[in-house]
Amino acid sequence: MITITVPATSANIGPGFDSLGVALQLYLTLEIHEETTTWLVDHDFENDMPHDERHFIVQTALSLSPTLKPHHIIVTSDIPLARGLGSSSSALLAGLAMANVLSQLNLSHDELLHQATILEGHPDNVAPALLGGGVAAYYDGARVFHAPLKVPKDVDFVTFIPSYELLTSAARSALPHSLSFQESVAASAISNTLVAALNANDLTTASALIEQDHFHENARATLVPHLAIIRQIAHKLNIVGTYLSGAGPTVMTIVPKDQTDSLVSALLAENLPGRVKILKQDLTGLKIMKEEK
Ligand SMILES: Nc1ncnc2c1ncn2[C@@H]1O[C@H](COP(=O)(O)OP(=O)(O)OP(=O)(O)O)[C@@H](O)[C@H]1O
Ligand SMILES: N[C@@H](CCO)C(=O)O
């Protein structure tokens, strides 16, 4: 049996729209069992996801290796769907990695990242899901440039996962068509300085900049009304560093560990419709384990 695990990811980290992301310790697991005559996909997702070759993971694998032989696969996942925690990127990478292993394509991490970015359109979830930790990345339509982003290891990711789904496609249609020159300069300066602050382990500067996005959060505000509420709750506790995770609706706050309990208690007291989870950074990224029978 071959087991592929892929972590969840939180993209954007505030102003790093489509370019910054971090891997988190929630996982999609894909077990590849025996060869079969037609694809058999066991999964326990509650929606109407197919159990045959129409399944997204199989379709992704076949897009890379059209002659791939059908197998019995089992998909389990802790990553909630369409919540801004990179569920589609994790599934996509699992499919590409399955094709790479079963068809012995020997694609490198960079080649897999390139394929994944073409399919996803932007690298901010797929890069950290593949490589682990924080990643800054840019896709120019031909090549994916990427470099590690030092997200401090001693922080918690206090995560509010709303009870409703928000498809990335819907959250992207709310985005503005253009930004003025002046606003673009400010937006990229904020993002550049955030990256430098994180790489210098200056969490105070980083946390303030995380809340100064100009690219997407305002445009998505009506889709995620709890973002402003959670930011306000955190500010009352002198905690900064709250952002919309990926396309939302999950809201993330990066907090020093000694402030985690107070923020979690304050969020729970508010009774917002959703779950509060404390997540940690994943430093490994996609893993493949082969077990001899
Ligand atoms: N394990 C999976 N197996 C099959 N399809 C999946 C799986 N995970 C996600 N998907 C597909 O991806 C869709 C969600 O993708 P979408 O990009 O909208 O959100 P997300 O990836 O969870 O969030 P974000 O990109 O904002 O972090 C699901 O509705 C489903 O169609
Ligand atoms: N950068 C992406 C992440 C979700 O795929 C967005 O915010 O739309």
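Placement of Cβ uses the backbone N, Cα and C atoms for every residue, glycine included.
Residues or ranges marked as domain 'GHMP kinase N-terminal' by TrEMBL: 58-133.
Sequence-distant contacts (6 or more apart, same chain, Cβ under 8 Å) of S90 (ATP binding site) comprise V6, P7, A8, T9, Y27, L28, S77, I79, A129. Per TrEMBL, ATP binding site is recorded for P80, L81, A82, R83, G84, L85, G86, S87, S88, S89, S90.
Residues annotated as domain 'GHMP kinase C-terminal' in TrEMBL: 195-270. Helix, strand and coil content of the domain 'GHMP kinase C-terminal' (195-270), in residues and according to DSSP, is 38 helix, 9 strand, 29 coil.
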Neighbourhood of P80 (ATP binding site) by C-beta distance under 8 A, where only residues 6 or more apart in the same chain count: S87, I161, T250
Shell list (ATP; ref centroid = CB of P80, L81, A82, R83, G84, L85, G86, S87, S88, S89, S90; cutoff 8 A): A8, I79, G246
Listed binding-site residues adjacent to ligand 1, that is, members of P80, G84, S88 whose C-beta is under 6 A away: G84, S88
Binding-site residues compared (G84, G86) - the one with the fewest other Cβ atoms within 10 Å: G84
Helix-strand-coil residue split for the domain 'GHMP kinase N-terminal' (58-133), DSSP-based: 41 helix, 7 strand, 28 coil
